[in-house]
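Asker: My structure is below; once you've seen it, I'll send some questions.
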Amino acid sequence: MKALIILGLVLLSVTVQGKIFERCELARTLKKLGLDGYKGVSLANWVCLAKWESGYNTEATNYNPGDESTDYGIFQINSRYWCNNGKTPGAVDACHISCSALLQNNIADAVACAKRVVSDPQGVRAWVAWRNHCQNKDVSQYVKGCGV
């Protein structure tokens with residue numbers, strides 16, 4: 001009986017945890033969802049961005065105490081401008097989406113919102129991690145061997 005309880009707790013923790021993509025799995029998924037070359041941003045740059053923003057984790061969150069906003073999901077999309085978490089003062093919600101939708105294992109909503117973000121004048125430069133880790137770097141390693 002004790003073993004069943006422990007097994008149940010282990011399984012529960014696994015089901016609650018977000019999906020952490022493998023690099024090539026993410027590259028293939030992003031390509032299928034139309035991000036390769038979207039607004040001039042290569043697939044390798046998107047994978048690099050996701051690596052440094054979230055470690056490929058769909059359930060990643062990061063609270064920003066300065067403006068009381070939170071970054072959500074695989075692309076760390078911010079609640080101040082892009083999604084609605086019902087808590088961020090003065091939020092814009094430009095993607096017209098609940099922030100919790102950005103934490104799903106199915107990343108279609110996160111990709112749709114990322115397309116909205118990159119369509120703004122700042123483009124992919126909106127992501128600090130991209131500027132710090134991907135901009136002006138050889139990012140080909142992020143899709144190497146993925147067959148994409």
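Glycine is no exception: its Cβ is also placed from the backbone N, Cα and C atoms.
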Asker: Determine, on the basis of Swiss-Prot, the cysteine among CYS113, CYS134 paired with CYS95 in a disulphide.
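Answerer: If we follow Swiss-Prot, the cysteine bonded to CYS95 turns out to be CYS113.
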Asker: Please spell out the DSSP helix, strand and coil residue counts for the domain 'C-type lysozyme' (19-148).
Answerer: 55 helix, 14 strand, 61 coil
Asker: Measure from the Cβ of CYS134 (disulfide bond) and count the other Cβ atoms within 10 Å, all protein chains considered.
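Answerer: The answer is 23 other Cβ atoms.
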